[in-house]
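Visitor: According to Swiss-Prot, the feature ATP binding site maps to Ile26, Gly27, His28, Gly29, Gly30, Met31, Ser32, Thr33, Val34, Lys49, an assignment based on sequence analysis. Taken from Swiss-Prot, the feature active site, proton acceptor covers Asp148, and the record attributes it to sequence analysis. Swiss-Prot lists 365-384, 399-413 with the feature compositional bias 'Low complexity'. According to Swiss-Prot, the compositional bias 'Polar residues' annotation covers 430-443.
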Amino acid sequence: MSQEDITGKDRLQELIGADYRLQWIIGHGGMSTVWLADDVVNDREVAIKVLRPEFSDNQEFLNRFRNEAQAAENIDSEHVVATYDYREVPDPAGHTFCFIVMEFVRGESLADLLEREGRLPEDLALDVMEQAAHGLSVIHRMDMVHRDIKPGNMLITANGIVKITDFGIAKAAAAVPLTRTGMVVGTAQYVSPEQAQGKEVTAASDIYSLGVVGYEMMAGRRPFTGDSSVSVAIAHINQAPPQMPTSISAQTRELIGIALRKDPGRRFPDGNEMALAVSAVRLGKRPPQPRTSAMMAQAEAPSPSESTAMLGRVARPATITQEAAPKRGSGIGIGLFIAALLAVIIGAVIYAGTTGILFNDTPEETTTPETITETYTPTVEETTSQWVPPTPPTRSTFTEPETTSHRPTTSEESTSEEPTTEAPTSSRTVPQIPTSTPRTSASVPVETNAPADDLIDAVNGLLDVGGAQ
């Protein structure tokens, strides 16, 4: 560590005070730097997220983030990373220095796990979804919304426990001007249609994002890809997701189809109903329909199962090492990226105005989609005793190779197939996963009729600030 780094750490330590002793930087996000630290009072390791000055100087952001951080201290769930403390301290320059103290989790993010494995067996993926849904149910009961559910914000511990992190940061981010240097673009791949259009975000928005995560875990690809964040957001608003592989059970495909409905009023309304639905599917049953009498009970915390133990063995808790500080010029690079994205938006608006391709949020008549069967050929015998991770497919941030295309469809339920018979009770065994997965993308034209200016509003709804995946 250079003398300059040591001096900077010492200055930061003075602001944080004697209750926490900084060790080293373990991560950087668009809004903050994360330090590993010792909680001297409680004798435990913690993660301290230090907000960047450009955000803590924004009063509207500060008010929102303060409210969310203080509310998060009251969240008590094994499946949500705990928030221990939040403080604001004036620095010598007269600015407000903000930091939040959180539970330090020795685990691997779901994003890293999927990057390595490609996809997960159905039973493991459903286990992840049920645990995450239960964590969301606690958040939603407090009338709060996470707003940024994605694999990068889901940690898996060595004993298979799933924990949601980065709670409450996206809401505060909406207060920051879009052109501020150092911003990063929100995660378009997991954004709900209403969030992409700048409409009201509710608990059902988190359910949509969790549905996208579930789709990706089992299909080995995201439902929507594109050349840019804008094109992905438009796909979330207008296109029906491609059908999931038929190797996935009908009841699980139906579950994901309900979660990915465009109309938030027709999805599971909150984490509690989602947890109940996933629990039913794990027992081999069809998911109950949202807002029915079967969904009135409170979901019980999922008990550790064989798949939970297997999940812990698959996850690889990261070795905690010191991370280099970002280069001073990194903010300029991000600023250029924002400028490029805005240029894409302007071009999209011009194109929309000349071709009639606009937004439409009204339900369209359902047509019968062409059924495309995806064949999976295992290279090893299926086993119920141990899962051997496959060779992961190549993953891409936005685009993926198209091997099969679906005809245009206006049905938002194309991922949901009605099973003709009741599925047998699950034995909760871990299936063997194929080592090679055909990957497909839907090619669906956008046909809409809302005002052209809505394109900018829709994209503005996307540009939330979030942590790095």
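Placement of Cβ uses the backbone N, Cα and C atoms for every residue, glycine included.
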Visitor: How big is the gap, in Å, between the Cα of Ser32 (ATP binding site) and that of Asp148 (active site, proton acceptor), rounded to a whole number?
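Guide: Just about 16 Å between their Cα atoms.
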Visitor: Which of the listed binding-site residues (Ile26, Val34) has the least company, meaning the fewest other Cβ atoms within 10 Å of its Cβ?
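Guide: Ranked by other Cβ atoms within 10 Å, the binding-site residues Ile26, Val34 bottom out at Ile26.
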Visitor: Work through the binding-site residues one by one (Gly30, Ser32) and point out the residue whose CB has the fewest other CB atoms within 10 angstroms.
Guide: Gly30
Visitor: About how far apart, in whole Å, are the alpha carbons (Cα) of Gly30 (ATP binding site) and Asp148 (active site, proton acceptor)?
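Guide: Rounded to a whole number, the Cα-Cα distance is 14 Å.
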Visitor: Please report the distance from the Cα of Val34 (ATP binding site) to the Cα of Asp148 (active site, proton acceptor), rounded to the nearest angstrom.
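Guide: Here the two Cα atoms lie 18 Å apart.
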Visitor: Quick check for the class: what is the C-alpha distance, in angstrom and rounded, between Ile26 (ATP binding site) and the residue listed as 'active site, proton acceptor'?
Guide: 21
Visitor: Could you state the CA-to-CA distance between Asp148 (active site, proton acceptor) and His28 (ATP binding site) to the nearest Å?
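Guide: Checking the Cα atoms of Asp148 (active site, proton acceptor) and His28 (ATP binding site) gives a distance of 17 Å.
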Visitor: CB neighbours of Asp148 (active site, proton acceptor) within 10 A?
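Guide: There are 27 of them.
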Visitor: For a quick check of understanding: given the listed ATP-binding residues Ile26, Gly27, His28, Gly29, Gly30, Met31, Ser32, Thr33, Val34, Lys49, what is the maximum Cα-Cα distance in angstrom, as an integer?
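Guide: About 14 Å separates the two most distant Cα atoms.
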Visitor: Specify the secondary structure state of Gly30 (ATP binding site) as given by DSSP, simplified to three classes.
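Guide: SS state of Gly30 (ATP binding site) = coil.
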